[in-house]
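Shown next, in structure tokens, is the structure this report addresses.
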Amino acid sequence: MAVVHERNTPADLSQIAEAGIHLPEPTDTHEEQDDEHGFEIADILRVIFVAVAAAAVWCHLWEPFHRVSVIGLAATLIGGYPIFKEAFENIIERRMTMELSMTIALVSALAIGEFFTALVITAFVLGAEILEGLTVGRGRRAIQDMLDFLSQIASVLRNDQVIEVDTNTILPGEIVLIRPGSRIPVDGHVVSGHSFVEQAAITGEPMPSEKTIGSEVYAGTINQAGTLQVRVDRLGKETTFGKIIEAVENAEHSRAPIQKTADRLAGYLVYFALGAAVLTFILTHNIRSTISVIIVAGACGIAAGTPLAILGAIGRAARHGSIIKGGIYLEALGQLDTVFLDKTGTLTYGVPLVTKISTGPGISERTLLEAAGSAERNSEHPLGRAIVRFAEQQRITIVEPEHFEYRIGRGVLASLDGEQAVVGSRALFKELGIALPQHAGTADGTEILVARGGRYHGSVLVTDQLRPSAIAAVKALQEMKIKVILLTGDTRGAAETVADHLGIVQVYPELLPQQKASFIAEQVRKGRTVAMLGDGINDAPALSEATVGVAMSAGTDVARESADVVLIGNDLTKFVETVQVARNCRRIILQNFYGTLIVDTAGIGLAAAGFLNPLLATFIHVASELTFILNSTRLLPPREKGKVADSQQEPAHV
């Protein structure tokens, strides 16, 4: 096969746009490099200028006052221009910020001839802003690291040729070649080849995952061994990786309730500091102590540290295999006290198997399976498909029903040769008035009852295998003092069997989707912070009612769209890790809150008593601010080792 290089054309992009595919916009690399540090060269030059001016004023204090005043005043006004400008804008917007309080302190220092003090304060504040920019820039770079995972060039099989194209021009359904050592640029399924793929960045799995024909692969993961041919399912922003990036980027712009609290607290601290300064001047008539009171109070640590902590936590959760769709849901996870779990597809694999057939009086096993298999032939329910598979394995003749009706959460009704066949729960049989033997409807698994022509034919026992992660996840949640409750539409026997295995005490079986949603809504009204984990269409109402709806990525599109958090890889321990990250985020934010209050209160008291001069007050202000911002950076996801080397791989091999 020939290898051809192909570039984007307007026609290509138009065709993709018409297909309704959303692709990431191209970015300006130089612009990103300028912005990622959070400061400009002018900021550094401004600090140097102010520092030199401060040294000049210090060295010439014995000179005539007018020379010192000219140098000090000019340098403070020029160097402090960003502070004064932001303070003026805040006055126009009627917002009380630290820039405004600092402006008051600087003007006061200049008014009493404390030019050296004013210059040092200006240099400290400008330097702190640069360090803050570096710290916040680290957060942005952590997100950029994730963005850099995806290659911009891919090898696509077109007309029996391997063509290297921009990933922006790939269409769903095309075949992409993935060579060893390359990053996978799309979500799709393997159609040829065998390999192992490192997908820790997406699913959090520590070991490479084996991929064969039919296996799903994710954009952003690394092919380790053999060459794969992958049919494209999703690309760009529609990939799992794209959804992770979208969630993390949205977190930068969304405002969680705790962030609004941080902003209000920052404003209150400024008012408190100004009020304390006025009181200090009234009681002491000491302008230096008054200036120190204004300077020592610092709220930037919580104002800047809170959004940084939220951004870092959502990024870290993404590395653990959870997509959190906003800061409000992260905050709710940090306060979680109750978790509701669906059974089928969530705690279990959702691939049920027939394990026992019980026939009614005078009914053969073949007759029962003919009725059950034919009635369930058009069913999409996992239990119905399990019955059909088992019947086919037993070489039972399955016919097309003349009429088919699915009753959500209860079962199916079908017309077979003019007779009504019913396959479903005890509740459905009771509703239809079909008589049942005394023992029917009790089993350790899910017992599906079968009737035809109004006559009870027997039952089919279906069991589902528990996910290995379920036991560990439930135990971990309970150790975190979170109440775990099982909600399911399955029979009491099947639900209690699963609950016993997992150590779940509260079980509510045989619930319809609306009943699940109502039950959860009632708990939310009682003031509980509730998470619901589910995977199917029938879980969507409950997911919407919960404080935080959590969907398994292998679940239905409806469930994923209704959810606030999506678990990638269907590992329930990822949810536990996400809750732990959310709790760590909340703890760090509260540490910043209380730490700021303690430092500011103590500092204002010492300054008012005359123990802090303006220079020492400035040092305390800057040191505490940076301490709390650095505390928030502990949540940022670690940078990927070898990222630069990997990004320089020859893109044609993707």
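Yeah, the Cβs are placed from backbone N, Cα and C, and that goes for glycine too.
As recorded in TrEMBL:
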- 44-61: transmembrane segment (TRANSMEM)
- 68-84: transmembrane segment (TRANSMEM)
- 104-131: transmembrane segment (TRANSMEM)
- 151-249: domain 'P-type ATPase A' (DOMAIN)
- 265-285: transmembrane segment (TRANSMEM)
- 291-315: transmembrane segment (TRANSMEM)
- 593-612: transmembrane segment (TRANSMEM)
Intrachain neighbours beyond the transmembrane segment (68-84), with Cβ under 8 angstroms and 6 or more residues off its ends: 43, 46-47, 49-50, 53-54, 56-57, 60-61, 99, 102-103, 106, 110, 113, 115-116, 118-119, 122-123, 125-126, 129
Within-chain partners of the transmembrane segment (291-315) [C-beta distance under 8 Å, separation at least 6 from its ends]: 98, 101-102, 104-105, 108-109, 114, 117, 121, 128, 132, 135-136, 139, 142-143, 146, 247-248, 251-252, 256, 258-259, 262-263, 265-267, 269-270, 272-274, 276-277, 280, 324, 327, 330-331, 581-582, 584-585, 588-589, 592-593, 595-596, 599-600, 603-604, 606-608, 612-614, 616-618, 620-622, 624-629, 631-637
Within the predicted model, mean pLDDT of the domain 'P-type ATPase A' (151-249): 83
Contacting positions for the transmembrane segment (265-285) when only residues 6+ beyond its ends and CB under 8 Å are counted: 95-98, 100-101, 104, 291, 293-294, 296-300, 302-303, 593, 596-597, 600, 604, 607-608, 610
Secondary structure content, the domain 'P-type ATPase A' (151-249) (per DSSP, counts of residues): 20 helix, 41 strand, 38 coil
